[in-house]
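Engineer: There's a structure below that I have some questions on.
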Amino acid sequence: MIGAILDGLSWALILGGGFLLITAGLGLVRFPDLYSRMHAGGLVDTLALSLILVGLMLQVEPGLVTVKLAFIMIFLFFTSPTSTYALGHAALISGLRPELSAEPSEAAAPERHVAPSFAGRDALDDPATVIAPEELWAYGVDVESVDADAPQAAPDSLPEPGRDSGDDSGRKR
Amino acid sequence: MSALIGPILLAFLIAVALAILNLRNLFAVVMLSGIFSFLMAGVFVILDAVDVAFTEAAVGAGISTVLMLGTLALTAAREKLPRKRLPILPLLVVLAVGGVLIYGTFDMPAIGDPNAPVHQHMAPRFIEQGPIETGVPNMVTSVLASYRGYDTMGETAVIFTAAIGVLLMIGRRRKRKPETATGKREGRDDAV
Amino acid sequence: MFFAAAIAILVALGLALVRAVLGPTVYDRILAVNAVGTKIVLLIAVIGFLTGRPEFLDLSLVYALINFISTLAVLKFFKFGHLGHPGAENEETGK
């Protein structure tokens with residue numbers, strides 16, 4: 001009797017977890033910008049994997065396997081939100097703005113706002129790119145050295161992060 | 001039914017490999033090769049090669065991603081476009097070698113076949129005589145540390161030497177103190 | 001039932017791969033790598049049950065650790081532009 005109940009519960013948990021996993025995957029693909037995708041990929045995933053692992057735990061006799069599953073679950077339960085937070089923090093600090101929170105003035109601004117991620121490094125050569133002074137450090141520019149009153153820094157004065165601006169021409173052969 | 005999982009993972013592997021070929025942003029390529037390693041580790045688990053899967057996860061998905069990123073910090077982030085010429089000769093060579101390799105797999109025994117030579121020749125000796133001959137209760141340890149002990153020692157010496165060499169080459173930069181507060185970028189001067 | 005769970009995980013894995021290939025920014029790809037890692041951890045656990053050998057869960061545990069550490073290392077790299085120098089004393093300029 002108890003065994004049947006536990007089995008049914010485990011079925012429900014595993015299937016519910018599987019459903020949530022697929023939902024999270026769809027959200028990961030369909031949502032418009034990084035931050036909403038992170039909700040799908042981070043939050044729903046954590047719940048889904050907890051459900052699946054608890055469902056698996058109910059399938060075995062209590063023992064070493066249960067303990068291992070519990071360890072995996074506890075570990076993922078803490079690390080998955082942590083890495084989601086770290087990702088969101090790194091993305092926000094690098095200047096990637098949420099698409100949905102664009103204020104009218106910001107949305108009407110013609111300049112292209114790029115994230116200083118390494119994918120966006122090519123944008124440094126683009127004169128249309130405008131970089132806010134408070135984000136310059138992410139390009140490797142020292143924030144203190146930049147005049148805060150200057151409307152924008154000339155893009156060609158920015159050193160490329162990850163290498164020096166000075167010896168770059170000397171190394172080209 | 002569960003035999004389906006392996007082919008699906010292999011299909012994912014092919015998709016990731018094609019995506020890596022098409023991408024020009026090298027950071028994206030590094031990320032995708034991390035995914036490739038994870039998928040490969042899954043394939044290894046399905047093939048019952050758990051130890052290889054361990055290594056693949058630690059080296060492929062963990063260390064090499066970080067090493068690649070460290071390399072990309074010192075070099076360019078975009079791949080240069082290749083010359084626009086159809087590489088006929090390399091294609092032929094690849095096709096020939098691939099054909100020979102596939103032809104070679106026809107003679108291989110099926111996975112888990114108990115009559116395969118690898119299960120007939122040496123394995124029974126190690127299983128039956130290993131504890132008696134070496135006095136080591138663990139089968140894997142007896143092979144690793146006794147039957148092929150010199151080999152293992154050589155391997156360890158090679159890895160140790162490599163680690164020492166790498167440490168000597170890259171581990172002693174930033175000897176002098178940076179003069180200004182912007183020491184972060186100046187520290188890279190002597191690193192390059 | 002385990003097979004249904006495995007199929008669900010594989011579908012989610014495929015969707016995460018789509019995001020990894022499309023992903024316009026680097027952070028999207030990091031998110032996808034993290035998701036793929038989590039799903040591989042789950043897949044290995046479920047495969048253990050599917051083949052009746054749940055002893056290989058250690059592998060899942062190690063994968064979970066590696067996935068977390070490599071995600072943090074990659075994020076640190078993209079935040080600071082480097083992975084830190086040995087013996088660096090004042091590298092916290094990003095704070």
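Note that Cβ sites are derived from N, Cα and C of the backbone, with glycine treated the same way.
Summarising the annotation, TrEMBL assigns domain 'MrpA C-terminal/MbhD' to B:11-74. Annotated domain 'MrpA C-terminal/MbhE' per TrEMBL: B:116-176, in sequence order. What TrEMBL lists as transmembrane segment is B:6-23, B:28-47, B:53-74, B:86-106, B:152-170.
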Engineer: When you scan the chain for residues with a C-beta under 8 Å from the transmembrane segment (B:6-23), skipping those not six or more beyond its ends, what do you find?
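Structural biologist: That would be 29, 32-33, 35-36, 39-40, 42-43, 46-47.
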Engineer: Report the DSSP secondary-structure composition of the domain 'MrpA C-terminal/MbhD' (B:11-74) as helix, strand and coil residue counts.
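Structural biologist: For that range the per-state counts are 58 helix, 1 strand, 5 coil.
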Engineer: Could you give the residue numbers and ranges of same-chain residues that sit at least 6 residues beyond the transmembrane segment (B:53-74) on either side and whose C-beta is under 8 angstroms from one of its C-beta atoms?
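Structural biologist: Non-local partners: 26-27, 30-31, 33-34, 36-38, 40-42, 44-45, 191-192.
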Engineer: Per DSSP, how many helix, strand and coil residues does the domain 'MrpA C-terminal/MbhE' (B:116-176) have?
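Structural biologist: Grouping H, G, I as helix and E, B as strand yields 47 helix, 0 strand, 14 coil.
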Engineer: Where does the mean pLDDT land for the domain 'MrpA C-terminal/MbhD' (B:11-74)?
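Structural biologist: Average per-residue pLDDT within the domain 'MrpA C-terminal/MbhD' (B:11-74): 85.
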